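To start, the structure itself, in structure tokens.
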Protein chains: 4
Amino acid sequence: MWRARSQGPKEYCGVFGVYGHPEAARLTYYGLYALQHRGQESAGIVTSDGKHLHQKRAMGLVPDIFSERDLKGLKGHIANGHVRYSTTGSSVLGNAQPFIINYAGHGLCVGHNGNLVNAHELRRHLEKEGSIFQTSMDSEVVMHLLARNIHMGFEEALVSSLSQLRGAYSFLFMTEDTLVAARDPQGFRPLCLGALGDAYVVASETCALDLIDARFIREVEPGEVVFIDKNGLRSIKPFTRQRHAHCIFEFIYFARPDSYIFGQTVYSVRRRQGAQLAEEFPHPDADLVMPFPDSGNYAALGYACAAGLPFEMGMIRNHYVGRTFIQPSQDMRDFGVRVKLNPVRELIKGKKVVIVEDSIIRGTTTMARVQNIRNVGAAEVHMVVSCPPHRFPCHYGIDFSTKGELIACNHKVEEIRNLLGLDSLGYLSIEGLLESTSASRQGFCLACFDGEYPVPVDENAGKFCLEC
Amino acid sequence: MWRARSQGPKEYCGVFGVYGHPEAARLTYYGLYALQHRGQESAGIVTSDGKHLHQKRAMGLVPDIFSERDLKGLKGHIANGHVRYSTTGSSVLGNAQPFIINYAGHGLCVGHNGNLVNAHELRRHLEKEGSIFQTSMDSEVVMHLLARNIHMGFEEALVSSLSQLRGAYSFLFMTEDTLVAARDPQGFRPLCLGALGDAYVVASETCALDLIDARFIREVEPGEVVFIDKNGLRSIKPFTRQRHAHCIFEFIYFARPDSYIFGQTVYSVRRRQGAQLAEEFPHPDADLVMPFPDSGNYAALGYACAAGLPFEMGMIRNHYVGRTFIQPSQDMRDFGVRVKLNPVRELIKGKKVVIVEDSIIRGTTTMARVQNIRNVGAAEVHMVVSCPPHRFPCHYGIDFSTKGELIACNHKVEEIRNLLGLDSLGYLSIEGLLESTSASRQGFCLACFDGEYPVPVDENAGKFCLEC
Amino acid sequence: MWRARSQGPKEYCGVFGVYGHPEAARLTYYGLYALQHRGQESAGIVTSDGKHLHQKRAMGLVPDIFSERDLKGLKGHIANGHVRYSTTGSSVLGNAQPFIINYAGHGLCVGHNGNLVNAHELRRHLEKEGSIFQTSMDSEVVMHLLARNIHMGFEEALVSSLSQLRGAYSFLFMTEDTLVAARDPQGFRPLCLGALGDAYVVASETCALDLIDARFIREVEPGEVVFIDKNGLRSIKPFTRQRHAHCIFEFIYFARPDSYIFGQTVYSVRRRQGAQLAEEFPHPDADLVMPFPDSGNYAALGYACAAGLPFEMGMIRNHYVGRTFIQPSQDMRDFGVRVKLNPVRELIKGKKVVIVEDSIIRGTTTMARVQNIRNVGAAEVHMVVSCPPHRFPCHYGIDFSTKGELIACNHKVEEIRNLLGLDSLGYLSIEGLLESTSASRQGFCLACFDGEYPVPVDENAGKFCLEC
Amino acid sequence: MWRARSQGPKEYCGVFGVYGHPEAARLTYYGLYALQHRGQESAGIVTSDGKHLHQKRAMGLVPDIFSERDLKGLKGHIANGHVRYSTTGSSVLGNAQPFIINYAGHGLCVGHNGNLVNAHELRRHLEKEGSIFQTSMDSEVVMHLLARNIHMGFEEALVSSLSQLRGAYSFLFMTEDTLVAARDPQGFRPLCLGALGDAYVVASETCALDLIDARFIREVEPGEVVFIDKNGLRSIKPFTRQRHAHCIFEFIYFARPDSYIFGQTVYSVRRRQGAQLAEEFPHPDADLVMPFPDSGNYAALGYACAAGLPFEMGMIRNHYVGRTFIQPSQDMRDFGVRVKLNPVRELIKGKKVVIVEDSIIRGTTTMARVQNIRNVGAAEVHMVVSCPPHRFPCHYGIDFSTKGELIACNHKVEEIRNLLGLDSLGYLSIEGLLESTSASRQGFCLACFDGEYPVPVDENAGKFCLEC
């Protein structure tokens, strides 16, 4: 089966919450719909009517999971929603989020975007003291820490529990009467605040605010914990200030182009990546510039514009390809590629084309697509990539597949060019990439390119192995 | 919607386990099928292949839940199965059993038949110490006790945990390599051991052994804990010996007539109840004796035989009535009764009939059935019931509905006769009932008839209220 | 998979219709529910609101097919319902009935119980003239005849079309404003009329009238065509009078015991069959008489009563066995039998038992059941059967399986006794059988016993072979 | 609910067939997948193994309908597939195609793209002669004509039947051993021939050939009937030659941009439409040119390139929007538009934008989108449309909604500009449109723009009204 983007890096998670709206569940449903690109494996909404929590979580896409009846049953003015692609924990319903517990008569739930690097160690310790874990998710650890600290009071317990965590987290907690947004001190993952009338909204990306016509207020700051309850919004910054480490891959591939994250509009950053590529890898004799749609569209526009070359949609997307379908037999060469994108023969035949790609992870899909372009008779095929080669795994919430599968991990650029069957191949430099963000190197996590991990990791940790 | 037996007392649970058979899951599937009368709300099977646990649990009936593919996926030579009708905990999937936890890298699961009377109190204590409960089932308490005691070693921890429990339990535990059957010291619920070739089988009733052609070995004794592993079967009796308190209602209604429990064949006990009734309430002028099929069949045979009266199947069951169907409009009087049983007009018209019923709980169904018999022209309608009036709720695992709904709780026998529209009504005496079991009063729990609870209960406990 | 009664002769069809009730679809739903024993493969309801027809047909059981929403959508005061087990045509949705056509702007539908013996010949002729058949059902022929004759007017066309048919039919036709019941001149299959307030009801058996509390008026007579419309009920008898040929197997096995058909109550006829058997095959030394429940119950009661022997329910039915479940592995001997019926060991061990069976078709199930009785230690096992040996196939709507599979076709009674592992075996004589009906030989079709077919058949016809 | 393209003109149908390949069903599955844009309501595949036809038809999208098991069951080397959006007949399963009949022991099926204008009249006549219609589709008429003519032999009967039809048809017939492609004499709808090894392929558009890597041979010519059987391909042209009337709207909107139809690549035609628009409606001061993706992409590229203006993807598509989801409450203004396309605020704010749209049918979606652009602060919003105003309904297979709903039917261009809230609005001229096709006016049907219907129609015909 193929699904949209299935061959690219796996996305991690998105969170969306509402406080103070009579249709909290419905708004959250739309918010999750807008964040679907951040997780297609499972989704969940938990609401509170002030007294009880109500929930629905299931495997699948947001519109397939929730019915009108579900939304009606999710009563209350507070909601906490989540879309998930697992980076830790297995792909089972029990691991769908928000994760909900009943503790001494009270309900508490959490949705998590990011990955904790010391979850395994914390869990081992808690289990030794008699805690029973329900899931294999790293996110469950914070709930057990909370349960053991709750005698301090909720806010104290929360700060104390968060202090023990290391790694990436944009958390959305909800009790019967409070919504809490918390972002790790490095600010790995985006998280923003919005308003809709008197209601507050929290979302991973601004595109979710746009869909429900909410007003963007500001981003939640790294290290900030925001409490929203009947007294309004209250913010604390209980942690020592640390250097920021925004995930630069959000700008390159993950975030939606219409979102505003880390202080910038993603579309514009990607367009500048293209312009930067035109400077680093000019192809003055080319006949046309084309993207592999849709992720390469914006850098390709930037390249074509900066280079003064014609921009063409040389490959046509099949609009229905997101749906699972039956595998073809082995002898249908490159079928998986063709079913998603079909080249326009007349446009490409005999031409020198420059393809703009956002990234190359394993290289297998790119190879087949290039072959497809060659098959319809391109004279020359050049490729420029809007980021440096991926050489290191991510430990903060992105699944690039294991290190051994990263093509740039085992091959030099010239070898990759040869493997992909290209006439030339250019990767954007780290400097060029930073230039495109108009921000300093210090603000970003570039670990997947340079291996410098801003928060130390135990490389053997892997995913949890306690599956049921 | 109506379901078979839906108007009678609710059944509680059945357990079935296998150790040492390559088709453990499949045998358990059939075992649960034979025990379906003990719980129709949800079912589950957990298996172990020696290293990992595999599970499938769902709402619904056994044949609707498990597919061939499920059984193939439930790998291993050990299996622990459960059918459930909730007596504590709400009717949600999370409460389906066997209940499974992953603890420090190991899997452990439990199925439970019965009801613990001090579960609420134990839970409150555990939560105060930081334990997070996943369900609203009383059975979860024993797992948290185990987790906190596990440093003692499994057997020690198990005995220590069971010692803290009060009430009714026939437990079936399973780890990666061991199956454990444990029965409370009073022996409220049945539990038996069987063998199939080299494999061991544990089941709530012997009818489940019959279906898979297993040999009956013996009943698990009250207060006995049986460990079955690669070294065979090992039994301990770690608890102080107490008087037995077998649930007499198993003999009257719950257990299948072809099962052998508490040392007797249920069919024969029921037949003797009928004979006893013929002695206590003779109707020498009656034209015929008839049951409300199928639960009244056996006592009716006993009555007719002892009284020398013709036995007739005066009401015909609809074979398809177990299936849910659409409610008729309000004006279709007694429809719910007719859809299940239709009287044979020619047989009943103008006759004096003696109806033998196993028990009268709320009385509403009985009332409609009697009316139905009257409608086709019976001359006289007498009823004899094969147990005394139900006046007290059960706290050990049977749901007679709340005390206020027991018809005998608020009405004398003469009033009940009048409400049901009968010419006469006779309830079997406690002495007659005990006589039919051929056993002493000391061996049984008769609390639902006489209010003498063998294990003290806090009457305010009710079901857990912590629902998710 | 096993389904209730699956090993017995296959039932054919049931029809149920209502004229003049605002809840016609709902009443029909219940009527079909009561007739479910006549066909479990598919069901359908077509209603008319006076202007348009509305329909729902599907594979499966009545309660599984229709939802509340379906019934609401089936608008109108006239309804025509059908349950089906295919005797001609394949088991596909397209063959579900009532069969509906749109003809020149008008809707017309038909439900059929019975089998036409000249359908193949009529179809061949119609196709030659350009008619396109939609299904492989014999019932479709009558619609094409109607379409070609309709210029005569509806009643003329109907009579003309029916005149061309040979074989068994209880038809229920419906147009936008009329319900028509038609029974073949021999009266093979039952059909009755009832009333519910001002509404008329037509049903295959009276048990369907009972369920909706309708009053029984009379049976539709052989060769009668009854038109029900806004002017009330009008009857014609357009065909030459012929000798009657009621299917005697309705009395033996098919019809529900609480139904009144062919002028008698089925329960009483079956009880008399038992009494007749006691006369033909006495077993004065037997310890007990028992049926294979439920179909053998009534003759067994008759036998026990006439013989003065104890009647026992020696085999216990599993209440959930109607549901499909997963096949056991090959080595589970007689599993299919045990899952349906489990013998009560204590009752049978060391006893001389007389089993009363309604019929033996292929003998395989009976053989396994007898073995099962032997396995629990019966001293002697005798069997009496409440009809003569089945030696000939039915061509009028019952599927006894092909001639070669009828055990009595290839074996003498003594051989059958031996094959089934019985100490003795007695079949009711044809005279005894007729005696039990209190009617003359001339009124019944006994073709399955004596091969004398009241309407000549082409033995090579078989089912239609034009499957899609 | 929204579905991709749901607000645009409804597409009609696509056909795809294979002769001579062992995996005919699987290839057809992929072919239909590539043609999904031509019909999303139902789909079907019928195959022949030389002796029997096998079929699967259902409501829904191709990947949702067919399972691996279905494809395995669709045995044979010949296949006939169809995707459908109904232009005649109701949206019910019975109307899914290919339409299959069994006639005198033989199977025959047909898939149809187009609409017959004299179907109603032909049907009335056939019914008068006793034919019974199964569906409300115009396509069924041809089958009844065939059945009545079949005595002439198949080819004769086919030609004779086709001769009686008027209107648009690209038919794909299949018998047990032959595949037949037939295109009406005007050539309204596209149809092409391809080859895959020794197998022949027939498809509505070449994009379906590309997906399975088949080689394009040529288009089926208007008025041509192609027989493909074990003797290879044989073509006849039995009809009088008539002027061609290719549907120009295939070039504007319907066909996929990567397809080659009516002698041209759709992408190039659309790009030329954009260039033509730049000539007719220049906007030299504009800051950027943007499409409403994806249908406007290609003309927008053509406009931007010809005008020397920057092309931007100013609205971002939600990748998951094809899926049905729950309606928002009424007060969420323009939600339906935002959920599909979200404007990039930073790009549009303060800019003069030229939007290129392919067509405006009812105008409601366009109005909301323009408002959306205005909401994020565009300084000026101009729109150019790559076809003339739609003023007339289509009778040859496209559903523009009824005449009254066409915005250009009741409003002048200036009024439309005002209604849509635009600063300027330009529709491509008929001459400009024809220029973009590089073909003469005589070759196309322009009826939706100029009302000159190449085949006379009875405007009152509408859809068939004989629904079941």
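Placement of Cβ uses the backbone N, Cα and C atoms for every residue, glycine included.
Binding site for [4Fe-4S] cluster per TrEMBL: B:Cys394, B:Cys445, B:Cys448, plus B:Cys247 from the candidate set B:Cys192, B:Cys207, B:Cys247. Take the recorded positions B:Cys13, B:Cys247, B:Cys394, B:Cys445, B:Cys448: by the count of other Cβ atoms within 10 Å of each Cβ, the lowest one is B:Cys394. Distance between Cα atoms for B:Cys445 ([4Fe-4S] cluster binding site) and B:Cys13 (active site, nucleophile): 18 Å, as a whole number.
Taking CA atoms as the reference points, B:Cys394 ([4Fe-4S] cluster binding site) and B:Cys13 (active site, nucleophile) are 14 Å apart. If you measure from the Cα atom of B:Cys13 (active site, nucleophile) to that of B:Cys247 ([4Fe-4S] cluster binding site), you get 14 Å. Within 8 Å of the Cβ centroid of the [4Fe-4S] cluster site, not counting the listed residues B:Cys247, B:Cys394, B:Cys445, B:Cys448, the chain contributes B:Phe188, B:Ile248, B:Phe249, B:Tyr396, B:Ile398, B:Leu446, B:Ala447.
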